[in-house]
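Novice: Before I ask anything, here is the structure I am working with.
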Amino acid sequence: MALERTLSIIKPDAVERNLVGKILSRFEENGFQIVAMKMLRLNQAQAEGFYAEHQGKPFFDGLVEYMTSAPVVVSVLEKDNAVKDYRTLIGATDPQQAAEGTIRKDFAESRRRNSVHGSDSEESAVREIAYFFVESEICPR
């Protein structure tokens with residue numbers, strides 16, 4: 001097993017509904033160490049930059065509008081096999097398809113308002129973490 005990092009974003013719908021504490025508890029209960037965290041409100045340029053790979057897709061503008069609608073909580077999580085384990089913990093993008101007990105099944109409102117984002121690969125995790133954090137902001141434990 002290899003110690004990995006992954007990026008988590010608690011999205012606007014979950015922040016607005018005061019679910020941040022419940023979601024962070026799920027991370028820790030499942031063995032993740034929170035090694036960096038910040039709350040911020042993304043501006044349009046930040047959201048477009050983060051989701052640049054989706055530019056030109058029909059859902060892009062709505063995604064950017066949603067991600068800039070309220071604050072988000074961005075964190076770096078660390079554990080063995082973090083990327084895979086986090087994806088399992090959050091569940092399928094569509095909460096109706098998500099397994100019982102996953103964050104999206106328990107908290108998400110819809111496919112877009114699905115409460116959390118998680119890196120989909122180790123390569124994405126490295127890129128996404130660097131988008132929001134400099135190495136000196138990450139505090140391994």
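Each Cβ is built from the backbone N, Cα and C atoms, and glycine gets one as well.
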Novice: Kindly point out which candidate in Lys11, Lys22 is recorded by Swiss-Prot as part of the ATP site with Phe59, Arg87, Thr93, Arg104, Asn114.
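Specialist: Answer per Swiss-Prot: Lys11.
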Novice: Under 8 Å Cβ-Cβ from Asn114 (ATP binding site), six or more apart in the same chain: what's there?
Specialist: Lys11, Asp13, Thr93, Asp94, Pro95, Arg104, Ala108
Novice: How far apart, in Å, are the two Cα atoms that lie farthest from each other among Lys11, Phe59, Arg87, Thr93, Arg104, Asn114, the residues recorded as binding ATP?
Specialist: 21
Novice: Give the residue from the recorded positions Arg87, Arg104, His117 that has the most other Cβ atoms within 10 Å of its Cβ, counting over every protein chain displayed.
Specialist: Arg104
